[in-house]
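Below: one structure, written as structure tokens.
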Amino acid sequence: MEGTILVVNCGSSSLKIALFDEQLNKLASGLAERLGTDDGFATVKGRAERIELAAGADHQDALNALVAVLQDSGLLDAAPAAIGHRVVHGGETFRAAALINEDVLDAIKDCASLAPLHNPVNLTGIEATTALFPSTPQVAVFDTAFHQTLPRKAYLYAVPLQLYKDWGVRRYGFHGTSHQFMANEAARILGKTPATTSIISAHLGNGCSITAIRDGNSVDTSMGLTPLEGLVMGTRSGDVDPGLFDFLAQKGVDSREVHRLLNNDSGLLGLSGQTNDMRSLCELADHGHEPSQTAIDVFCFRLARYIGAMMASLNRLDALVFTGGIGENSSLVREKTLAHLSLFGFTIDDELNNHHGSISDGHIEGADSRFRVLVIPTNEELVIAREALASARPGIPG
Ligand code: AMP
């Protein structure tokens, strides 16, 4: 077999891998969860047996176990040709993927204060793959890089400028690989080039963000300094009045508790009191559970407001694009959201929407819609694999 590309995505207690061939066909994927606990385990897609990891198993143990399965099954008979890592925060340093060397590692460490929960664990993933494959070129692909084209008026908060100058307080934006993939896929579907395509890309998964992309460049996005700002998410509040912090402080809630409240206990989970899972919420709402219905309503209304807001950054809209677990699969969310936007001239075709665009090359807009509306499955692993191949082997098209 010719070279393979390994994609690694480390979370605080999880590790996801995917293996591609050099034509970027996916060969395998695996997942390890509950790392650092007594019941960590790993699974490889398509294989029934679950690998029980030793108590306290860490990212290195998980990677070793997953790679061993790939080797045993003959999918990875030599070191990969390239390894791509998802890295959450690249600050203002990284406008594109970077081939990892000591300087790049130092810069990722420097960005850790902006993403204390994410960048250190991404570095752990890089260390783990380096231990296994010391000679393989490794590439960091940043969630923030695609948004480095935001204009100053879109990335500055209206707080003292010194906070930006001293501490880098600004909007960075996240989900960049997914939004970039949407820009390219929408252009392909519409028979245009990315550089002449303007879209609004709504990535709606457990985390949610929306981006205005003008002629291929990110020009506004809903997530900010951290991935907490913007849309309602599974457990994250998205926008709240900043006055809430002082209000809660006066009630005796300290800042760590506020952080937990807004990141882990809010969003769909907080509103419904039941679950962060949109599919379950829809079922609960169908059975008359009012708080679940309210959670769906708030989610869709906030999203519609943001779609309106993103219009301000565009001089043309070639398509509104839905992606992510909710964006790709919930016809209800798409329908309810667009119902708020009839003033803009959006309509959708119920049948195409119920088929999630699968019978119409992604299109779900009504015949009389002023704008096209597309459903496009995201594929962040593929973007990372492509970037890894291109950066690790310059001259070979990804
Ligand atoms: P992701 O983080 O992209 O995997 O998306 C996870 C979210 O997608 C969860 O809230 C799921 O409930 C939601 N989701 C997946 N399938 C469906 C579906 N058929 N209908 C509604 N929501 C769905």
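The backbone N, Cα and C atoms fix where each Cβ goes, and this holds for glycine too.
Bear in mind that TrEMBL entries carry predicted annotations, made automatically and left uncurated.
If you check TrEMBL, you get these features:
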{"type": "ACT_SITE", "residues": "D143", "note": "active site, proton donor/acceptor"}
{"type": "BINDING", "residues": "N9, E380", "note": "Mg(2+) binding site"}
{"type": "BINDING", "residues": "K16, H203, L204, G205, N206, G207, D277, M278, R279, G325, I326, G327, E328, N329", "note": "ATP binding site"}
{"type": "BINDING", "residues": "R86", "note": "substrate binding site"}
{"type": "SITE", "residues": "H175", "note": "site 'Transition state stabilizer'"}
{"type": "SITE", "residues": "R236", "note": "site 'Transition state stabilizer'"}
Listed recorded positions (K16, R86, H175, R236, R279), ranked by Cβ neighbours within 10 Å, top entry: H175
Residues that sit under 8 angstroms from N206 (ATP binding site) by C-beta distance, when 6+ apart in the chain: M233, G234, T235, N276, G325
Long-range Cβ environment of D143 (active site, proton donor/acceptor), under 8 Å and at least 6 residues apart: R86, V87, V88, H89, G90, F174, H175, G176, T177
Mapped DSSP class for N9 (Mg(2+) binding site), helix or strand or coil: strand
Helix, strand or coil at the residue listed as 'active site, proton donor/acceptor' [DSSP, three-state]: coil
Where the C-beta lies under 6 angstroms from ligand 1, the matching recorded positions among N9, N206, R236, D277, R279, I326: N206, D277, R279, I326
N9, R236, E380 filtered to the recorded positions whose C-alpha is within 10 Å of K16 (ATP binding site): N9
Cβ neighbour count within 10 Å of E328 (ATP binding site): 19
Other CB atoms, at most 10 A from the CB of N9 (Mg(2+) binding site): 21
